[in-house]
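Undergrad: Encoded as structure tokens, here's the structure I'll be asking about.
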Amino acid sequence: MAAALSAIYVPCFSTDTNLSSKIQMLRRNANCKVRFRSLPKALFQKNFTTSLKSPPEEPKSSASSEQVRRDKPAKSSNSLLSAPVSVPLLNRVRDAVFKFDQLALDVLAIALPAALALAADPIASLVDTAFVGHIGSTELAAVGVSASIFNLVSKLFNVPLLNITTSFVAEEQALVSTKEKSIVQTNIDGIDENQEKKLLSSVSTSLALAAGLGIAEAVMLCLGSGALMDIMGIPAESSMRAPAEQFLSLRAFGAPPIVIALAAQGTFRGFKDTKTPLYATAAGNLLNAALDPLLIFLCGFGIGGAAIATVISEYLIAFVLLWKLNGEISFTLSSMDGERIARYLQSGGLLMGRTLAVLVTLTLATSMAAREGPVPMAGYQICVQIWLAISLLTDALALAGQALLASSYTLQDYEHSREVIYRVLQIGLITGISLAIILFLGFGAFAGLFSADAEVLEIARSGLFFVAGSQPVNAMAFVVDGLYYGVSDFGYAAYSMVAVGLVSSLFLIVAAPAFGLPGVWSGLFLFMMLRLVAGIWRLGTKGGPWEMVFNEVEGKSD
């Protein structure tokens, strides 16, 4: 089995996305015509607004990226920042004074609406489950199988596009805003005051790829529903088979708007605007909740009505986001070229491999728990659901770090980049400790929402130390993920996750049969701890794109 896992984890990745390719791509943008060698390094305003139409303030100092590369400072043995290990990095995070300043407000302004938007989808799924549950247990089980397949496809293909779009749009938006500010200062007549829309080729590229990907997913899910049911182990004679295929085939028509909406959400995240996606998602979910009883019961469509309601709501979300984007962005395919598309595909391939490593590890953990029997599996499922739900909060914090870091790093404002890194790590640690305390005190109440079976709840409580105790590690690990994406360190993010997943999977294979559920908990904790260690090591050793962020400080300390 270990050999099989090794085969699964060997990724067919392209070469890493490095800084030179990023610079070449941005230089090729005919509409921006911004070259890195002419960009000052401190062009990022610390209270950078979320508005697409507000350029940053005039910088105070300048230095080209070419000069930074030629004049790499010598490492200072007296500086704590020069130590090539990860411990000094943690010390700097610990010793830095936490300030509830403009930067902290910027982080929270991005993270809080994002957390609400992330929580909206699970809530909508619960509403769907409640309505379908009144049809019958067979239909409820069928929806569960179909939703699992759909969500697996979405996580594997759509989430990488979302993260890539956020980083690339934040980079290009920062450069375009800088160029416009420069034009205003040098030639006030050079800008048409009535021209509000901007041309960001990264947005057009992302939406075009999203449309193609969404159509491909729809065709695959619709035509391959039977084969997918076979893979899931649902035989043709099963009572679940027909309703599950019906639900999945109808839900497939919602794949294009879902992918397009995710690309649009990534665009707004790149603008540091997480409120617009929240409003669009809330509107769609409210419509879904209103249509469910009408289509399921009043119209008599049954399980098909639930799927139709979901698809209609997804089209509404995509329409609202595109309508809002159309007021600020000019969509065109003329600026797209092979190199730009290749950059998206290369980075997307890396993140797909990373996502696959996560999914395989978590699926293996679930499989090991299922071998313990139905009651232990039920207790395990309660713990995992609470664990995953809590992770939405730290995912939102990672998003804030990604958007802020992508802008400052692109403009070579490395001092602000370091401030963002330290601040989001601080907030992540505080958030993790707070969540751990809340879960220790209220885990019994949370678990009671999922089951009334005393034996199941007893097993669930046995996982309390894992669910609550791992929260500080989880929060820091998710934040580090966002930092990876902020500097487009997709290669290390992917390869390190494959290695972490492989080690954790091997541990699960050995520990779970020997120790039962405690072995599964230990394997998942090891998985998150290794993710964090890999991230802190990357930042602490200043490898790849992190070299430019931290070496500047070493030069100042000499």
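Glycine residues also receive a Cβ, built from the backbone N, Cα and C atoms like all the rest.
Marked as region 'Disordered' by TrEMBL: 50-79. The transmembrane segment annotation in TrEMBL covers 207-228, 248-268, 294-323, 344-366, 386-406, 427-452, 464-485, 492-515, 521-540.
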Undergrad: Hey, which of 207-228, 248-268, 294-323, 344-366, 492-515 has the most Cβ-Cβ pairs under 8 Å against the transmembrane segment (521-540)?
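TA: Stretch with maximum Cβ contacts: 492-515.
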Undergrad: Quickly jot the same-chain residues contacting the transmembrane segment (464-485) by Cβ under 8 Å, restricted to those at least six beyond its ends, or write none.
TA: 163-164, 166-167, 383, 386-387, 390-391, 394-395, 397-402, 405-406, 421, 424-425, 427-429, 431-433, 435-436, 439-440, 443, 492-493, 521-522, 524-525, 528-529, 531-532, 535-536, 538-539
Undergrad: Same chain only, please: residues at least 6 beyond the ends of the transmembrane segment (294-323) with a C-beta under 8 Å from a C-beta of the stretch. Say none if there are none.
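TA: Residues packing against the transmembrane segment (294-323) from afar: 124, 128, 131-132, 134-135, 139, 142-143, 243, 246-247, 250-251, 253-254, 257-258, 260-261, 264-265, 268, 276-277, 279-281, 283-285, 287-288.
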